[in-house]
Each structure stands twice: as structure tokens, then as C-alpha cells.
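Quick notes on the structure that follows.
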Amino acid sequence: MKLVIKQLLDGSCRLGQLTELGRHTGRVIDVPGCLMYTRGASAPHLTQDMAKTIDKLPFGIQLTLPTLAENHEVIEDYKLGIGSFTSQQDSLLFLSVQDPGTTIPSGYNEKQFVSIWTTGGRMRLSTATFTTMLKNMKPDWFECLYDGDVVPGTASKKRIRKSVDRTLQYLDDCLEVQQNSPELKNIEVFGVIEGGDSHDERIRSAKETAKRPLSGFVLDGFQSDALATDVKQNLMMSVLKELPEDKPRLIHGCGRPDQVMQAVELGIDVFDSAFPYSVTESGCALVFPFSYNHQSNVDSAVLEQSTDQEKSNYVNDNKAGISRYEINLTNESYKSDFTPLLADCKCYSCQNHTKAYINHLLVTKELLARVLLMIHNFHHYFEFFETIRQSIRDDKFQQLKKIIMDST
Amino acid sequence: MAASLKSTHALSFKILAECSTTKARTGKLKLPHHTVDTPVFMPVGTQGTMKGLTTKQLEDLDCQIILGNTYHLGMRPGHELLEKVGGLHKFMNWDRALLTDSGGFQMVSLLKLAEITEEGVKFQSPHDSKEMLLTPEKSIEIQNSIGADIMMQLDDVVHSTTTGPRVEEAMYRSIRWLDRCISANKRPTEQNLFPIVQGGLQPELRKICATEMVKRDTAGYAIGGLSGGEEKDHFWRMVKLSTDILPRDKPRYLMGVGYAVDLVVCSALGCDMYDCVFPTRTARFGCALLRTGQINIKSKQFAKDYRPIDDTCKCSTCARYTRAYINSIPNYETVGCHLLTIHNIAFQMSLMRSIRASIVEDRFPQFIKSFMKTVYPDEDYPTWVRESLASVDVHLSQQ
């Protein structure tokens, strides 16, 4: 895997492409970009025929190990790898150790093991188990095991140090196995940077990880809301300074549009798309505007043509802890709203259905509700990433950032 | 040979071919929103949606007509809302044909407190416990708001195994309610109203009911009150008795039938339309339909089965996924359920296509024999299958 940087803004924000993607000759991933989040290797709620109606469906998908690990024995027996087993062989497959779509219980990692949580409960992964799974699954790209169980504010300095040490140890063990396993040779490896909210440990983790022969880096531990935004940004900046510029950086659990903009600005290249999934699970639809060519901000775009009733819902939604990036379709006021989730949206759901219909499906607990919301939310999110890239190309990144930040 | 209906009904039924041995026929049923090939299976989309599938997927599956349930839709989103949006077609964005039931069946099957009087069905709303009354007029009013291509009369439903005077009472009441439904229909040129032949398992009552209803010259007829756990031996005789009386040139809808064997037999007995929740419901329990019977894909034996559900099936599930993959998807991930629902609907559609094609080519009896041999490879055909088919001159034992 190679990162080709095409444009650099303010010394850190990068526009580029990931190239030389192994078996996928001639294909590239545009960055900043996101991978498609999957569960059991399928887009949540979506069969492939429906997923393919989404315009800018990412070529790279994120396989989440906790949703697959229980089947590793079958996958071993199958022999052709997880891509073929799950009918996702045409995508670039990144395997993540944890599932960003769920909360991971704290206190279960050990020196030799990382815990993941499957349907059947806890599964302990040693380097040996993990690398065996890799040999059977044959993803194109994976991140090494890591101990990310350091909750900001509660983890002690000592625990944070331990997490950095363990993660480096897992990395070295894993790289050693890879060196001696021909079947793992062609898989791209990313190393994970830990360090919780400790500046020193973050820098140590980054410096040490950067010494290893890796294709790129993963920034973990930035998903928590317990960290203040400015603290997060400072930590991120310090970490990124220690990493080679010519290698891609992926971040976990940093998916809210404002967080994405800040991370892109600092030089993050790859994101996951667990955010639109969690929006879908709460019965919501993403409606934030990101058109920087028009004079729009969220207030004028969303509230302009709304009735008073809608305005008051909009405020109520926000009070209920839902970000201003989304509307809650379970809200009674959408019962007879015969407009699409988002005016001018080109997704299958908006082209064919109304808020009232989706409200009805949610109220009656019909499966189609989540299907339609997932299509729209993915579509909107993938368009957002396309617009981020375009804004860098057009030298309008700051305009876009203002629109997004003003929405919060 | 072809018969076309000239009347004020909102449909025309053109018979394209009739089996020279059995009573089967294949035709084109032209409805306001879509022309439907018969015999047809109609999947049930109770609440204005087909169990997780999009309307695009339903079209891709070649579904031509689907069902909505008046009772559920009347509760949520409510007929006022459906009226406002211009009907269920618009609300759910389905361009093809729709059929709605009367709501009566749900009243009696779902609600313990339902009480039937001459006026209608009295029941307690499960949502706000208010006492409500579903009359024939009210049922048609709601169905007029829903706007389906075919509406069903409100009938007095008794369980198919009920015996005694209650069956007779219900049958005569259903005829009286039919007349009230016909008068209440405000959109007779846009929506067809089907009566429901009742009479339980009593041949005399069925005959009276069918004969009375035929006098009303409605657009088509339904055969109701069956498929509720009665003996199959009674079931097929009641179906045949009804199709013997119902006019040849009008569509006949056999309610609540959806098992493959039943569809083949009843098509031979002259039925044109069927509905059943079975294919979609069984999908949600992890079952996939095959000509040889159904399999539970969630069972351990399929964990390492790398074949498609059915390697002759053309559906998007079988084209792409293996039994092992579907087996591996945890139950709470809805994708597994969607994949099975797609396959099961495809299975029903493909079966009906085979039935229609064999009637057109006048080889339906051969089709029946080879179909039954697939289902019962040891030729241990159930008596009812043997007898019902023999009644239309298809003799399984003579194969």
C-alpha cells in the first residue's frame, strides 16, 4: 500500500490516494475517505443489491472481527478466505480488531490476551489465535492487536503505560509471525497507537510504532466523549507529528462530522462509518448540509422552509441528546410529513419514500425502517466525504469546515 | 376461447389457456394498477411493507400484486392519513397491484374480546382500549381510503373446524354483509370488491353461499373460511365444490393458501389467486423453501455447506450467497432474514411461473406428476393429494 499525496493544505491536511492495493490492481482509495462499516461482513441491514444502489459506496470495507470471529472455524474449513465466504471479494477488506459500532466493556484485557465480544460472549485473542484467524480470513489489510482499554479520566498513568507496552508487544509478536508465514506476507499491516490522555505516552507510542515496518497507523482512543475537544486535538497533533508523512493514518470512532473535519485538518486519512450506523439504530436520519458553494448553514438550510411545528421539533430533537446533524424520525410530528428525509437527496430512500412512511415503519417496528435509514445515512455520509475531498481540491476546506462546525 | 369481461368492474380477466385435463387455467388479470398473470401468489405485506424488502426488490422479484391488512393499516397509520396521502400505493410507493382484506379475520383471530352482532364486529382497540365497531360500511370506508385494486367484503368469520348452527348463521350473515359492502363502495370503478364464499365444511351451505354470491355479479370471488387447520380431505372438497359453482370467466381467489403442494393442487382445481404469510414468516425463523421441502438454514448441518440455498434458483440470494454464510449471520442481524425472505418469495414466484407455463403448453398434468415426485420421492403421496388430483383426472399412482 502506498499513499500518494496530491495536495497538502496548511502543512497537515492531505488529499491523496492509497494505491498499490495488492490483488486489486489498478484500484485506488481516495483520501480523506471512509471505509464502509460492516457487521458479519455485510452492510448493516442491507443486502448487496440494496447496498449497491448507494452512489459512492466505498471500495474499502471494514470487517469487524467481533462480528466474524465466532465463525473462524468455518472460515478455516472454507479455505478461500473471508472475502469469498461473505461474497465481498470485490472490495478491499480491512479487518479491525474491535467493533466501533458497539461499546466495549472495560477491564478484560490481559498481558497475553485482548478481549473481544461476540454474540456468544467474550473471546480472548492471543497473538497466536489472532494470526491464525488472519491466515484463514485472508483480509487485504489489518490492524494489530491492541490494548485500548484506557478510559480517559479514569485510567491511571501506570495503566496507560501498560497499554502502550502491551500494544507494542502485540505488534512485535504479530510482525514476527507475519515474517515467518508466507500466507501473511502480502497483507498490509497497520500499527495501533495508544497512550490514552497522556501526552508523553502518546508520543512514546507513536515514536516506537513508527520504528516498525508498517504500511500505516491507527489512532485509537479518540472515540471517547470524556476527552475535551481541545485536549483531543492536541494529543492528535502530537501523535501525527511523530508519524512519517508518507504513510496513511486511520482513526477509530471519530465519526461525527465536526470531529471528522477536525481530524482531516490535522492529517487523518481514513475513517470508519460506524457513525451513520449508530444514527440509523436510533431511528434518525443525517440531514446536515455540506454544500460550501451555496451560502448555506444548517439553520437556513434546515429551518428555512420548515413550519413552526417542525422548528420546535428540531429544537426538541436536539434537547433529547441527538446531534444537530440528524433528525429523529420516531418523532410524532413526522407522522404526516410527506417530504423526503432530505430535499434534493439522490439516495434510494429519498427518491422513493417520505418521512411519514419511515415514521410509520419505525412506529410499527418494521424491518424496512432501518433499511431505508441505513441507505440514506450511508449515502449522505459518503457524499460528505466526497465533498471534503472536493473542498480541498477547490481550496474551500475552511468554508466547508465552518458550515460543519456551525452546525454543532 | 378467450373470455373477456364486459362490465363496470375495475378489472378484466382474460383466460389465455385452459388445461385440457384439469380445471386449471392461466390468464391475465388486468387491474387498475397492474396486469397480473394468473395463477398468482400474493405475498403479504401486512403494514404497508413487505418484511424488510424494498418495493424495488419486490419488483425485481416479479411480484405483481401484494396484500395489505386493513385492520393493521386502519390502526396505523390510520385511514385518515392514507386518505390524505392518496392511498397505500402512494404511501408505500408501490406502483403495482394491491389487495386488502376486510379486517374481520384479524378481529376474530387477534382479539379475544371481539363480539359479532348483525351490525358488525365489536372489539376493544389494543392501542387505547377504546371500544370500536367494525361494520361492513366501515370496512369498505377504510378500504376505499387504502385504495387497493381489490377489496374484500367483511365476512362473518368462524373457525374452519366450527360445526353446528353457527356456521349457517355466519354464512347467511356474510351474504347480508356482502350486500351492505356493495352499497357502501364509493369507488366501484376504481376498486373491485370480492365476496367471500363461506359455509364452513358443509357442502350444502357452501353451495347456497356460492350460488347467492354469484347472483351479485361481482368482479371476482374469494373462497374463504378454509386453511385454518381443518382436515385436508375436507379442504380440497370445499375448494372444488366452490370452483364448480363460481363462473368460469371470473377470477377465483383462495384465501390463506401458500404451501407449494397446495398451490399446485388448488390450481388444478381451478383457483387463480392465493395469499399466505407462510413464505415470509418462515424466512424470519431461518427457513428456506425448496421444491423438495423446506430447510432450516440456521441448523448446524448447514454451517459448512458452501452451496447456494438452491443451485437452480435465480434469486439474488442464491446468485451470491452460500448456505454457510447465511448460517453464520447472527439472528439479530437483519440481513440474514432479508436474504431468506428474498429467496422464499422468489421460490413462490418461480413455482407460479412454472404452473402458468405448463398450462400454456398444455402439459400441466405432467408438471403436477413430476412436481409431486420431487416432493414425495418415494411416491408416498398423501391421500388428499391423490384424491383431489384424481377428481380432475390426474392419477399419481399411474405414473
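Placement of Cβ uses the backbone N, Cα and C atoms for every residue, glycine included.
According to TrEMBL, the active site, proton acceptor annotation covers B:Asp101. Marked as active site, nucleophile by TrEMBL: B:Asp275. If you look up TrEMBL, you'll see B:Asp101, B:Ser102, B:Gly103, B:Gly104, B:Phe105, B:Asp155, B:Gln198, B:Gly225 marked as substrate binding site. The feature Zn(2+) binding site is assigned by TrEMBL to B:Cys313, B:Cys315, B:Cys318, B:His343. Per TrEMBL, domain 'tRNA-guanine(15) transglycosylase-like' is recorded for B:22-375. If you look up TrEMBL, you'll see B:256-262, B:280-284 marked as region 'RNA binding'.
Using a 10 Å radius centred on the Cβ of B:Ser102 (substrate binding site) and all shown protein chains, the other Cβ atoms total 30.
Cβ-based neighbour count (10 Å, all protein chains) for the residue listed as 'active site, proton acceptor' stands at 30. When Cβ neighbours within 10 Å are tallied across all protein chains shown, the highest count among the recorded positions B:Gly103, B:Gln198, B:Asp275, B:Cys313, B:Cys318 belongs to B:Gln198. The helix, strand and coil residue counts that DSSP assigns across the region 'RNA binding' (B:280-284) are 5 helix, 0 strand, 0 coil. Surrounding the centroid of the Cβ atoms of B:Cys313, B:Cys315, B:Cys318, B:His343, where the record places Zn(2+), the chain contributes additional residues within 8 Å, namely B:Pro308, B:Ile309, B:Asp310, B:Lys314, B:Ser316, B:Thr317, B:Ala319, B:Ile342, B:Ala346, B:Phe347. Cα separation, B:Asp275 (active site, nucleophile) to B:Gly104 (substrate binding site), rounded: 16 Å. Applying an 8 A CB threshold to same-chain residues 6+ apart, the list for B:Cys315 (Zn(2+) binding site) reads B:Leu61, B:Ile342, B:His343, B:Ala346, B:Phe347. Per Cα geometry, B:Asp101 is the residue among the recorded positions B:Asp101, B:Cys313, B:Cys318 nearest to B:Gly225 (substrate binding site). Across the structure, the residue listed as 'active site, proton acceptor' and B:Asp155 (substrate binding site) place their CA atoms 10 angstrom apart.
Summarising the environment of B:Gly225 (substrate binding site), the number of other Cβ atoms within 10 Å of its Cβ, over all protein chains shown, is 31. Taking Cβ-Cβ distances under 8 Å and a sequence gap of 6 or more within the same chain, the neighbours of B:Phe105 (substrate binding site) are B:Tyr71, B:Val157.
Per DSSP, the secondary structure of the region 'RNA binding' (B:256-262) breaks down as 3 helix, 0 strand, 4 coil.
Around B:Gly104 (substrate binding site), the C-beta neighbours below 8 angstroms that are at least 6 residues distant in the chain are B:Val121, B:Leu134, B:Ser139, B:Leu154, B:Asp155, B:Asp156, B:Val157. Annotation note: B:Gly104 (substrate binding site) sits in a helical segment as assigned by DSSP. According to DSSP, B:Cys318 (Zn(2+) binding site) is assigned to a helical segment. Highest local Cβ density among the binding-site residues B:Asp155, B:His343 belongs to B:Asp155, counted as other Cβ atoms within 10 Å over all protein chains shown. For the recorded site, the residue listed as 'active site, nucleophile', the DSSP three-state label reads strand. Calculated from their C-alpha atoms, the gap between B:Cys313 (Zn(2+) binding site) and B:Gln198 (substrate binding site) amounts to 37 Å.
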